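Quick notes on the structure that follows.
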Amino acid sequence: MILVLKNLLLLFVLLVSCNGEDRKIYLVLLEGDPIAFHHVKTFSQEGNKLDPNSEASKAYANELTKSHDEFLQSNLERGSYDKIYSFKHIINGVAVHTTPSQIEKLKNAPRVKLLEEDRRVKQMTTYTPQFLGIPAVWTQEGGDKNAGEGIVIGFIDSGINPDHPSFAFFSAGAQTSTTLNESIDILSPFDAVGHGSHVASTAAGNFGVPVVVNGLYYGRASGMAPRARIAVYKAIYPSIGTLSDVLAAIDQAVLDGVDILTLSVGPEEPPEDKLTFLSLFEIFMLAAHKAGTLVVQAAGNEGPSPYTVISYSPWAVGVASCDTDRTYPATLILGNGLKIAGVGLSGATVGDGLMIQYNKLVLAKDAIKINTTLPRIAINNAEECQYPEAFDPLVVQDSVVICTFSAGFYNGTSTLTAIIQTAIVLRFKAFVFVANPTYGDFIAEPIPFATPAIMIPATTDTQNILQYYEKETVRDTNGLVVRYGGRAGISEGRNASYKGRAPIVSRFSSRGPDYIDQSKNPTDVLKPDILAPGHQIWAAWSPMSVLDPILSGHNFALMSGTSMATPHIAGVAAMIKQYNPSWTPSMIASAISTTASTYDNLGEPIMAHGFDLYTLHTSAPFGFGAGLVNPSRALHPGLVFSAGYEDYISFLCSLPNIDSRIVKTATGGICGQLFENPSDLNLPSITITSLNGSRKVHRTVRNVERKAETYLSAVLPPKGVAVNIEPSWFIIAPQGTQDLHIMFNVTQALDDFTFGEIVLTGSLNHVVKMPLSIFPICTT
């Protein structure tokens, strides 16, 4: 079922005030309850879904909208502003387009709690159901026809392609911030980019949809929860994405009753003047959690450096990306028999029959027209194969042409799309895109080429190719080629191989530790939370593909990013919610975390890609969180760690040097009972950023199974830290709770974080794991 939500477009005229100030969008948080919490005054009522169609809700919504208008009219000069949005469902506030001098009047105005300038946001992009063991979960849920039934997953993204077989608006901020391009910034739910369609179909696309690209069948694609309903909120446009549009979409999504909210988008950087936890983006997610919606968020694509996660808060699930064991190997075969591995989704160079055909090998810069009057840029970039008119067609036709990564690709002005166009126009037999020793190795991702082609991303392989080429090529005294003696062919590169180590934390996947401010001071929260497949994921795509012309015309795309990992977790969460409809967001998040695996398919600790290309090192929780999601085990976790809104307020109030008035202003919560340390928040992990001597940490678990169970406690201690857990064993009744007390003592001061694990093993085969990330700085 498709639930595409359309909003009336607010059309604004971009004005400049008389004093010449440029307008900007500002987000203003106001005093007073939003609709969702207007009548929710007790903790026991938290998470109840509101009825937006009730007369009381409608009347209060009108009251809030009127109050917003009166607030702006009474504080700003007439004609100096435009109201972009009234936030009223989970947050009480407005987005307003005005000048800096006008916004100064609001800073000390009555009712203003928080004021923040709008920020830009960005997007973070078949086989994975089998890789994660999803069919086993489908069996428990009555098969793929029922998986996710009755659960609504919301997607805030670039829209959707509603005609795509994988499926049965907010634009005011974007329109105000820039002049939209009508040909690509389509003011409807339609996805002109492809990103939104990809994300939605990964989580909840139909079962068994054939993936066909360039006429080749790549198998069948299925969403994680094929029967979940989807609600799509278009808030990202090809030209721009604004935080105000995203916040408006979150506000509407929660009002509409979505169970899971998928955010494969987010601010480009942390807030400048406040704690990461207290930006309006984080506050909106906290409000969504309070209203009973689980928020699943991309961790970011700035890895492998540490302190790069952009998912900060404990009330949202931050998702990291990993590779699966599926690859698409391709091979360049030289005339001397040397085989060089490469990357490229393309067919082989074949002649009559199915045998690989070896054709003349030509280095692009050797095929440039002599005495040409072409522009200098065409000549200078000839080795990159960007301009067909630069080449002698008689030389390159039916040849395997070597195109080289050079200055144009390094500065972003050259494209693979242009190489493909050159190859088609001049009728190359194939092209080989090679690394350049001047610029080093590059990262190559499988791309569906419309002509036989292969990418060779390692400079050592390039040197072998060029050595063979020069040996077989005859030149005159001026260095011009008089005979091309080299030959080469390309093997089929579209057949999947399922070999090797997996999962591996993707190189681009952002790493922890989590941090509390723009100075990146670490905080006692584990980020990312969980690991899911996000590298080379097949899913639905928009044939417009305005930002990726190389994918234009395709209904499917093979994409990578934590954007692609996030919907895997959203789909898994939907199935858990279907199986356990009374569970709160934190219970679902706990089940996903405590049942994850930290070992790969070879039985060894999960590895990660590092700074050096094509090298691996042992990963840690700051790379994979709790580990790779295990959907089958997550349905029956045994025990869960639960936390609610009041717990998160206590966490915020326990942060070092925090001003309780700031917490109250931002969240509306009152600092009542504080934790001894922020690490006492009841999370399914323990992170201590500064362990000085010793610390006792508290946790509470709940038995969510139908039988009593006996658990034994065990610890794999981090280096330099002694860990003791009490009780060492316990019996817990169905729906019963058990307090755990964990004592940490520094035995050796270290200069970085060290990692370990607590394991609770149940007599009914439940295994509950809790990662430990500790920085021991001083012994007692």
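Note that Cβ sites are derived from N, Cα and C of the backbone, with glycine treated the same way.
It should be emphasised that the depicted structure is a prediction, and the values quoted were computed from it without experimental measurement.
If you check TrEMBL, you get these features:
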- D157: active site, charge relay system (ACT_SITE)
- H195: active site, charge relay system (ACT_SITE)
- S563: active site, charge relay system (ACT_SITE)
- 55-122: domain 'Inhibitor I9' (DOMAIN)
- 148-601: domain 'Peptidase S8/S53' (DOMAIN)
- 680-774: domain 'Subtilisin-like protease fibronectin type-III' (DOMAIN)
- 1-20: signal peptide (SIGNAL)
Neighbour tally for S563 (active site, charge relay system), based on other Cβ positions within 10 Å of its Cβ: 30
DSSP-assigned states of the domain 'Inhibitor I9' (55-122) in counts, ordered helix, strand, coil: 26 helix, 21 strand, 21 coil
Residues in the domain 'Subtilisin-like protease fibronectin type-III' (680-774) grouped by DSSP into helix, strand and remaining coil: 1 helix, 62 strand, 32 coil
Predicted model, mean pLDDT over the domain 'Peptidase S8/S53' (148-601): 83
